[in-house]
Amino acid sequence: MQSWSSAPVPIVPGRGPELRLYDTADRQVRPVAPGNTATMYVCGITPYDATHLGHAATYLAFDLIHRLWLDLGHEVRYVQNVTDVDDPLFERADRDGVDWRDLAAQEVALFREDMAALRVLSPHDYVGATEAVAEIIELVEKLLASGAAYVLDGEHPDVYYRSDATLQFGYESGYDRDTMLGLFEQRGGDPGRPGKNDALDALLWRAARPGEPSWPSPFGPGRPGWHIECAAIALSRVGSGLDVQGGGSDLIFPHHEFTAAHAECVTGERRFARHYVHAGMIGWDGHKMSKSRGNLVLVSGLRAEGVNPAAVRLGLLAGHYRADRFWSQQVLDEAVGRLQRWRAATTLPAGPDAAAVVARVRQYLADDLNTPKAIAALDGWATDALDYGGHDEVAPRLVASTIDALLGVDL
């Protein structure tokens with residue numbers, strides 16, 4: 001699947017400290033230590049509606065990781081999927097009277113436009129689930145052969161994963177069984193499905209039903225389940241031992257827990273990823289922004305209103321990536337004002353020495369992506385530059401390059 005074009009990333013002189021991130025599984029901030037090539041898998045959209053600010057905030061968080069790795073001199077192998085075969089997509093296409101493939105293509109195209117406008121660096125591999133069916137089938141075959149999966153008896157011989165197939169199941173979320181069952185039911189699971197060995201067993205392959213797309217397989221025609229898609233795409237593109245697996249905090253369970261379990265079951269490794277990283281939710285009108293609730297602020301809508309995407313990006317980065325937070329007109333207005341001040345300061349013929357502020361920005365971002373502190377440091381430099389001037393002719397350009405390279409904001 002085609003990705004989007006990325007703007008060049010400036011090279012900033014010097015080097016910052018190694019990146020440290022909060023790991024959901026270990027419940028602590030600890031160093032990320034990739035090799036020459038850093039690897040990251042981030043779950044993509046289900047393309048049945050336009051990109052809202054909750055999506056945008058998630059992809060901006062992982063864009064910061066991408067940028068910090070580049071700043072440290074790493075090559076980056078970044079993989080993102082598109083869940084272009086799933087019930088919500090079929091339901092929306094049926095409601096609107098369109099072909100599900102056409103709807104998916106339309107929304108993926110809009111997503112690309114939004115990501116390019118927000119200056120999110122494109123993934124190395126951008127893969128639709130429909131493009132990875134062969135890899136998914138191969139992974140399901142391995143799980144069946146090992147006894148980690150089974151075929152349900154009855155009219156619809158669906159394939160399920162045994163949730164007890166790995167001893168470490170549950171380590172990523174740390175949730176107790178009751179919490180898991182509740183979230184499983186809320187987030188696409190089927191704990192009440194008759195015939196399953198355990199209520200928490202997860203669907204790997206849905207046997208063909210009338211009116212649904214299907215693909216041939218050794219275990220019968222059908223289509224992939226949700227979690228197995230990401231496991232197969234990640235393993236086939238970058239293998240096990242990812243440096244970072246990421247997404248929104250609403251994916252911790254069941255999606256990321258099962259994705260890791262599927263992969264660990266076939267590789268025999270203790271952890272699918274070295275770091276599990278999750279972004280907080282963005283709220284609007286008193287609730288988490290979500291397609292199902294309909295309380296959405298769309299990136300494309302803001303762009304259509306003439307809002308500068310750089311201000312949207314800066315507004316979302318003003319809060320810490322792990323924090324649940326609300327979007328508002330005030331957040332946008334503050335971002336617009338900050339953008340104007342930064343532009344004014346970085347277009348001066350000279351300014352205060354920039355070495356210290358560049359070092360602080362690197363330090364704060366390396367400390368679990370502390371964008372509020374990084375932005376405050378830049379605010380301080382801009383205020384000094386505008387109020388008192390300076391004699392360093394290189395400083396304004398250096399600060400502008402730092403903001404571009406590390407925060408992704410083009411002044």
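Positions of Cβ are set from backbone N, Cα and C atoms, glycine also.
Model, not experiment: these values are computed from the prediction.
Val82 (L-cysteinyl-5'-AMP binding site) carries a strand DSSP state (E or B). The L-cysteinyl-5'-AMP binding site feature in Swiss-Prot is assigned to Cys43, Gly44, Ile45, Thr46, Thr58, Asn81, Val82, Thr83, Trp226, Gly248, Ser249, Asp250, Ile282; the stated evidence is sequence analysis.
Within 10 Å of the Cβ of Cys43 (L-cysteinyl-5'-AMP binding site) there are 24 other Cβ atoms, across all protein chains. Sequence annotations record features per position, and here Swiss-Prot assigns Zn(2+) binding site to Cys43, Cys230, His255.
Positions annotated as motif ''HIGH' region' by Swiss-Prot: 45-55. Secondary structure counts, DSSP: the motif ''HIGH' region' (45-55) has 3 helix, 1 strand, 7 coil.
Swiss-Prot lists 186-191 with the feature motif ''ERGGDP' region', giving sequence analysis as the kind of evidence. Across the motif ''ERGGDP' region' (186-191), the prediction's mean pLDDT works out to 96.
Feature annotation from Swiss-Prot assigns motif ''KMSKS' region' to 288-292; the stated evidence is sequence analysis.
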Same-chain residues near the motif ''KMSKS' region' (288-292), Cβ under 8 Å, at least 6 residues beyond its ends: 48-49, 52-54, 88, 250, 281-282, 324, 327
Rounded Cα separation (Å) that holds between Ser249 (L-cysteinyl-5'-AMP binding site) and Cys230 (Zn(2+) binding site): 16
Cys43, Cys230, His255 excluded, remaining Cβ within 8 Å of their centroid (Zn(2+)): Asn81, Thr83, Trp226, His227, Glu229, Gly247, Leu251, His256, Thr259
Rounded distance in angstrom between the Cα atoms of Cys230 (Zn(2+) binding site) and Ile282 (L-cysteinyl-5'-AMP binding site): 24
